[in-house]
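Worksheet: one structure, shown below.
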Amino acid sequence: EDPSLEKHFKGHRDAVTSVDFSINKKQLASGSMDSCLMIWSMRPQMRAYRFVGHKDAVMCVQFSPSGHLVASGSRDKTVRLWIPSVKGESTVFKAHTGTVRSVHFSSDGQSLVTASDDKTVKVWTVHRQKFLFSLSQHINWVRCARFSPDGRLIVSASDDKTVKLWDKTSRECIHSFCEHGGFVNHVDFHPSGTCIAAAGTDNTVKVWDVRMNRLLQHYQGNAVVNSLSFHPSGNYLVTASNDSTLKILDLLEGRLLYTLHGHQGPATCVAFSRTGDFFASGGSDEQVMVWKTNFDAGDYGDVLKTQKSGTSVDGTHHTLVEMDCGVHLKKTKTQDSGRNHEQQEEENSLANTLEHIMGQLDVLTQTVSILEQRLTLTEDKLKECLENQQKIIQNK
């Protein structure tokens, strides 16, 4: 069944640049050239929040893994961390000397990677927004940077026509993929962490294996590709293009599954929800659209076992990476089914509690940062008052 349009959000006053779902799918964040960040509620009759703070276009937004924070990067060279609630409080830090094009949380929610027109990629701690280190080998604007699922690698895409792979511990560039004929707009890791996909102004999407550093698949479109997102199963990829379409690629078959028309004008960004049953897109037409996926293969594990190779669009045969994660997960589950049910239940509730605690911690540290900022402001004001008083006394 074809993907279908589920919701249609209007509220931005300029092109939408970025979209992201929270973990529970209850909220969707979007950034726009109108300098605002918006949080849309996926539940009916719930209101949208408009967050004001950036002094210029918001280029990128992302929810933290716990869903309790949203990071945004802007043309005003800053990154803001927001609590996605009614108040919309945020802390801000000067991240780069150029436009911040991309923000991304590590999967443990502890680090943040940013990419900028100042040609650098930077890594920060989330809790104190402390700068950790810089990666600077690109020779042009960096459009996008992402952590690998295990947090050990970083991938970055640039207008210098390269995609670079970095080791987070040694901070060294391990490999440069130079097969792009144009600027690279967007890059992301496959959920298994074994390969990456990159979208470019040469109208292509390329999929590389990061273990052997070789090209696995190559999709040739007829318009600039602005953004892409992997389905959590790892079997599909959705792209957003300048010809106003969204395309769904079947990675196992190596072919185009659907072309979706909805936006009037370039489709600028696209993202699957964390469970993969929805995806959202944004465009130059100021609109945010949410689509119901509808094409999920029932049991991903089985699909992966049966189809390990696909023919790519240009007709050459590529063997697809063995998508380890899906298969192993399925196996361990079936072996464990002998284990008693209560133990499983207990573990699940424990995991949920831990996740909740982590989320609360995120909010607490963020609140502390906000209070610290306010305190500094108050101290500055006090200092000013005292100085003024001194002056008055001296003049008398």
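Using N, Cα and C of the backbone, Cβ positions are placed for all residues, glycine too.
If you look up TrEMBL, you'll see 9-50 (among others) marked as repeat 'WD'. Model confidence over the repeat 'WD' (9-50) is summarised by a mean pLDDT of 92.
Counting same-chain residues at least six beyond the ends of the repeat 'WD' (51-82), those with a Cβ under 8 angstroms from any Cβ of the stretch are 14, 17-24, 27, 29-39, 88-105, 107-109, 112, 114, 116, 124, 126, 129, 355, 358-360, 362-363, 366, 369. Among the features that TrEMBL reports, repeat 'WD' is placed at 51-82 (among others).
Beyond the ends of the repeat 'WD' (93-134), by six or more residues, the same chain brings 59-66, 69, 71-75, 77-79, 81, 140-147, 149-151, 154, 156, 158, 166, 168, 171, 358, 362, 365, 369 to within a C-beta distance below 8 angstroms of the stretch. Residues annotated as repeat 'WD' in TrEMBL: 93-134 (among others).
Marked as repeat 'WD' by TrEMBL: 135-176 (among others).
With helix defined as DSSP H, G or I and strand as E or B, the repeat 'WD' (177-218) counts 0 helix, 24 strand, 18 coil. Annotation comment: TrEMBL describes 177-218 (among others) as repeat 'WD'.
Sequence annotations record features per position, and here TrEMBL assigns repeat 'WD' to 225-259 (among others).
Sequence-distant neighbours of the repeat 'WD' (260-292) (same chain, 6+ residues past either end, Cβ-Cβ under 8 Å): 3-23, 25, 28, 30, 32, 38, 40, 42, 224, 226-233, 238-248. TrEMBL lists 260-292 (among others) with the feature repeat 'WD'.
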DSSP helix/strand/coil residue counts for the repeat 'WD' (260-292): 0 helix, 20 strand, 13 coil
